[in-house]
Amino acid sequence: MFRPSRRHFNSKRHNQCDDKCFSTFQRIHLHHHREFHKYHQYFRYFRPAFVLFNILILYLLFNWVGFKGIGIFFAVVISIKEIVHFIFMLRLEKRIFTPIEKLKLGVDEISKGNYNVKVECDVPNDLGLLIYSFNEMAQKLYESEKIQNEYEENRKTLVANISHDLKTPITAIQGYIEALLDENIKIQGDKDKYLKTIHHNTVYINKLIDDLFLFSKLDMQKLDFAFESVGIGTFMDDFMEEYKFDLEEKNIQFQYISDLKQEYRVNLDGKRFHQAFNNIISNAVQHGPENDLSIRIKMYLQNDFICLAIEDNGYGIAEDKLPHIFERFYRIDIERKKEYMCTGLGLAIARELIEAHCGEITVSSKEKQGTCFTIKLPVLQEYRDESTT
């Protein structure tokens, strides 16, 4: 089983930056630690000598200048000591007390459940390292809470959508079964019509359950993949022959063009790729015009990626709806019609499957002009050098 995490790829550079900052703070910490031990050794061995030196100075002052001179000396020493103490306290407040107070306020915010907090501190010492670690913890808690809230919101939306999508066909099935049980219906044609409608709705329910099961396994990263190195040119030639036969039987114009100058290999799970590709084609067929629908597929190389552009001449998608097209249970038609057998999960599943191949899927569309879905798959590393020569 293998499924790359989208979030992992997006945050890789950010994590590297964090590691670099953390290493810098560690070096600062080790430097201060060594300096502390060095000065600690100095004070340990030289303090007795300082005491003896001070006693000697006092003895000499007493012999040379008397009590009056000693008083003046101590007045000067005390004044200097107060000035040094004042400067020391200012530095201590800036480097210790103020950061600790900020850290305390940050901890109070965390205890209140506000994880979107950051303690500002540029002090290059152990306290700065502690505050840096606190900010990292707060950021991870905030991201975790955000993900949890998103999952909770998605769960509520999922339950609502499933309830709606199951209730409608089940209600229809129940109504037609009750009609069939009515002894007044004796026309065989009506019975056949009702049975076909019941079958239509049960097929839809079965498809919805299958799509939900597949999407849930993708979402939990528990779907098995069998990746292998595949020559994409040969694979697509065979693949497109199947679609050419099926689509032309439905009176749909089909065209496949390959602009590859040589064979390239990609890491592919044929079964999962077929599912993703079929969802896109089915979307074009279901939402396209009943007559004169044409689908054109073009394969080309772009920046070490194999690109597959799937174009149709359908009704197109409004610009404000394009950003939501890959969301689960999103449907362009407001009435959520069932005659298209659309579960609202096909494109969401397609995106998850393509991204599991370390690829990308994008869409562009104009109303009344058609839609183009583009799948990008990375060329295997050993073939990238050949593509640039």
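Including glycine, each Cβ sits where the backbone N, Cα and C put it.
Keep in mind it's a predicted model, so treat the numbers as computed, not measured.
Going by TrEMBL, these are the annotated features:
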type	residues	note
TRANSMEM	45-64	transmembrane segment
TRANSMEM	70-90	transmembrane segment
DOMAIN	94-146	domain 'HAMP'
DOMAIN	161-381	domain 'Histidine kinase'
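Per-residue confidence over the domain 'Histidine kinase' (161-381) averages out at a pLDDT of 83. Mapped onto DSSP helix, strand and coil, the domain 'HAMP' (94-146) counts 39 helix, 0 strand, 14 coil.
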